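Engineer: First the structure, then my questions, so here it is.
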């Protein structure tokens, strides 16, 4: 009952002027809650529905190909699973933002949601990195490192990725995740809650290096060399150049790289610059407030990646695109049939005949 009362009546707060209530506590960190409690839940609702539907569709298409699985499909399947698990952690975060950065569900549940959130975010980063290395080996070094593309070895690599991410994120369970603010709001998974942790600046700089620095360099290097190789192959083979296949592949590579950089760079650069400043001097309340607001924006941008991946699959994979269009055509056909059953008999027959004529004419064109 107490939890329900807290859900229904979150604490109210005024917006004080930028100041400190004592030498250590900044009271202006959440002054933006007035518009954040509207915009952030709206944004995350879109990410949740688009991400869940898109990735569920991707998993539905990948799953029947398990018998013909290869290294790329296996990495893609793990990436899809990480995106689905990530989106499933969003509803409680949506409630948290809708209540104006108030978490009434306790420390334990906050830690569980936080752990799921970070595990699947960085699992996704690592599987995108694996995909870039896999493509690099397939095109640039197909014979020398072919063993790394064997399905039996790739399975071990996937298990290793999950274990690595788990080891990187499990320390979160030993850190404080919630904090009661002076205005009565209880925050969850916010940066200021981690400030009391000893050497937090060094920990986060190391996390940025391992979780973002190594993957982004690997992805950009692999895809840059891959693009050069494809250009050279296109120049050497006039048929390939005329068909435009190389240009399409290069376009997809650039798109994947751009999405990764745009989604993940702002958050990690923002975190890195503040931690470096924190090592040099003690930022004041105004700087901490600006950093906190920027974190909320850059985290939104980072989380957008989970619902962009299915669109990349659509344009990058011919088989995926074909199957999606088949499913959509099937749904349209079912909708026509349902509509016809609800109409008078004569009109229903006219629609059915018209639909058959359309399908037959389409088949003749093909």
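Note that the numbers count up from 1, one per residue, in the order the chain is shown.
Note: Cβ is positioned from N, Cα and C throughout, glycine not excepted.
Residues annotated as disulfide bond in Swiss-Prot, with sequence analysis given as evidence: 110-188. According to Swiss-Prot, the feature N-linked glycosylation site maps to 21, an assignment based on sequence analysis. Residues annotated as topological domain 'Extracellular' in Swiss-Prot, with sequence analysis given as evidence: 1-37, 102-111, 175-199, 273-292. The topological domain 'Cytoplasmic' annotation in Swiss-Prot covers 64-83, 134-155, 223-248, 318-366 and is backed by sequence analysis. Taken from Swiss-Prot, the feature transmembrane segment applies to 38-63, 84-101, 112-133, 156-174, 200-222, 249-272, 293-317, supported by sequence analysis.
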Engineer: On the DSSP side of things, how many residues of the topological domain 'Extracellular' (175-199) fall into helix, strand and coil, could you say?
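Structural biologist: DSSP classes over the topological domain 'Extracellular' (175-199) add up to 4 helix, 6 strand, 15 coil.
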Engineer: Test of understanding: applying the rule of at least three C-beta pairs under 8 Å (pairs 6 or more apart in sequence), is the transmembrane segment (293-317) touching the transmembrane segment (38-63)?
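Structural biologist: Contact criterion met.
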Engineer: Mind pulling out the one from 84-101, 249-272, 293-317 with the most Cβ pairs under 8 angstroms to the transmembrane segment (200-222)?
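Structural biologist: Out of the listed stretches, 249-272 contacts the transmembrane segment (200-222) most.
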Engineer: Can you tell me which of 84-101, 156-174, 249-272, 293-317 gets the most C-beta pairs within less than 8 Å of the transmembrane segment (112-133)?
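Structural biologist: Checked against 84-101, 156-174, 249-272, 293-317; highest Cβ contact count belongs to 156-174.
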Engineer: Look over the recorded stretches 156-174, 249-272, 293-317 and say which has the most C-beta pairs under 8 A to the transmembrane segment (84-101).
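Structural biologist: Top-ranked stretch among 156-174, 249-272, 293-317: 293-317.
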Engineer: I'm checking region-level scores; what's the whole-number mean pLDDT for the topological domain 'Extracellular' (175-199)?
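Structural biologist: Computed over the topological domain 'Extracellular' (175-199), the mean pLDDT is 90 on the 0 to 100 scale.
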Engineer: Would you kindly list the residues that approach the transmembrane segment (293-317) from elsewhere in its chain, counting only those six or more residues past its ends and only Cβ-Cβ distances under 8 Å?
Structural biologist: 32, 36, 40, 43-44, 46-47, 50-51, 54-55, 57-58, 76, 79-80, 83, 86-87, 90, 121, 124, 191, 252, 255-256, 259-260, 262-264, 266-267, 270-271, 324
